[in-house]
Amino acid sequence: MVIVLQPASFDSNLYVNPKCKPRPVLIPVIDLTDSDAKTQIVKACEEFGFFKVINHGVRPDLLTQLEQEAINFFALHHSLKDKAGPPDPFGYGTKRIGPNGDLGWLEYILLNANLCLESHKTTAIFRHTPAIFREAVEEYIKEMKRMSSKFLEMVEEELKIEPKEKLSRLVKVKESDSCLRMNHYPEKEETPVKEEIGFGEHTDPQLISLLRSNDTEGLQICVKDGTWVDVTPDHSSFFVLVGDTLQVMTNGRFKSVKHRVVTNTKRSRISMIYFAGPPLSEKIAPLSCLVPKQDDCLYNEFTWSQYKLSAYKTKLGDYRLGLFEKRPPFSLSNV
């Protein structure tokens, strides 16, 4: 059954920086059944902080079902959706991204990956949707937890990280602070003169993010030379993004990828992003096995809770890690 989504009421003066010209580039594609997949993953994390995954083991019917249930929710009358908002941070939200004035052409649902910790807002989401929606969300979160821990295990093996599970444990434990976000970018009634912001440029603060969308374009990543690159959508695959926390723990060897979504189509876009985060009390610092000399560490130690709070106080596109970088000692020779 095809459902036509009702465009929400959004501001339309959100334009992309015209100095950023998207260009084609070959995004790494990694087949998880390949014998050298872990080597490819590490290379992609170093060069792009981003890669596409095929043969991931997640059932296609689960992806289709969750997408359709998300479409059904976003098609509800705004009076019903608004009962699950504004987000706290979980729940339903529109247009406003965070508390610091960032705006986008979207509406979204944000859910705690531990559904036992439901808020009043997330309870309202499932109250107005069929039970199959919650069931699909629960199974999807289970699959994302499996996949995120698998990726980190492969990184551990390739980099010979000790002790074992130093990274993957952070997303496996029940205290893991992970979440699932479902975004809906409504179709445009008129073709815009220039590209508009759906979700502004940013990096993700967690360890890694697993992104899956329908076949509508819009996602872009920023490569090393500062150029924005269009990512060709593929509804059957996942895209993995390195987050700030993994950048710190690898002492900058992996780079968290700056990305954004632009709306330049009459087709609506649905995306689902699983943010795999560590426990709130976890101490985050460069891994000693990767940085034998303490003086070579680029970042000071902090807890995930501290970083999360700091990120919450910033604008979407701010460089959040700057507050936690080690500064070279002051010297008169530098004056």
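Start at 1 and count along the chain as shown; that gives each residue its number.
Cβ coordinates come from backbone N, Cα and C, glycine included.
Here is what Swiss-Prot records for this protein:
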type	residues	note
DOMAIN	175-278	domain 'Fe2OG dioxygenase'
BINDING	His202, Asp204, His259	Fe cation binding site
ACT_SITE	Arg269	active site
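Overlay of Swiss-Prot feature records on the structure.
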residue : record                 : Cβ within 10 Å
His202  : Fe cation binding site : 21
Asp204  : Fe cation binding site : 24
His259  : Fe cation binding site : 24
Arg269  : active site            : 23
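Per-residue confidence over the domain 'Fe2OG dioxygenase' (175-278) averages 92 (mean pLDDT, predicted model).
Comparing C-alpha positions, Arg269 (active site) sits nearest to His259 among the binding-site residues His202, Asp204, His259.
Shown for the domain 'Fe2OG dioxygenase' (175-278): DSSP residue counts in helix, strand and coil, namely 6 helix, 45 strand, 53 coil. Those same-chain residues not listed among His202, Asp204, His259 yet with C-beta within 8 angstroms of the centroid of the Fe cation site C-beta atoms are Glu201, Thr203, Ser209, Leu241, Ser256, Val257, Lys258, Arg260.
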